[in-house]
């Protein structure tokens, strides 16, 4: 085969954060230490105490 160098581990950027609930890497909300993707946040926001103002 040949030499194979594994990809470097990511330390910064969008590929680092994971959703705690589903493991998705896209559109993760980090504010307040949530680390939830926006889809999961919409499902659990009300029980967590977030309210819609409008």
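Every residue, even glycine, has its Cβ placed from backbone N, Cα and C.
The Zn(2+) binding site annotation in Swiss-Prot covers 19, 22, 37, 40. The Cβ neighbour count for residue 22 (Zn(2+) binding site), using a 10 Å radius over every protein chain in view, is 11.
Sequence-ordered, the extra residues of this chain that approach the Zn(2+) site, with Cβ no more than 8 Å from the Cβ center of 19, 22, 37, 40, are 20, 21, 23, 24, 28, 36, 38, 39, 41. Counting every protein chain shown, the Cβ of residue 37 (Zn(2+) binding site) has 21 other Cβ atoms within 10 Å. A sphere of 10 angstroms centred on the C-beta of residue 19 (Zn(2+) binding site) encloses 20 other C-beta atoms.
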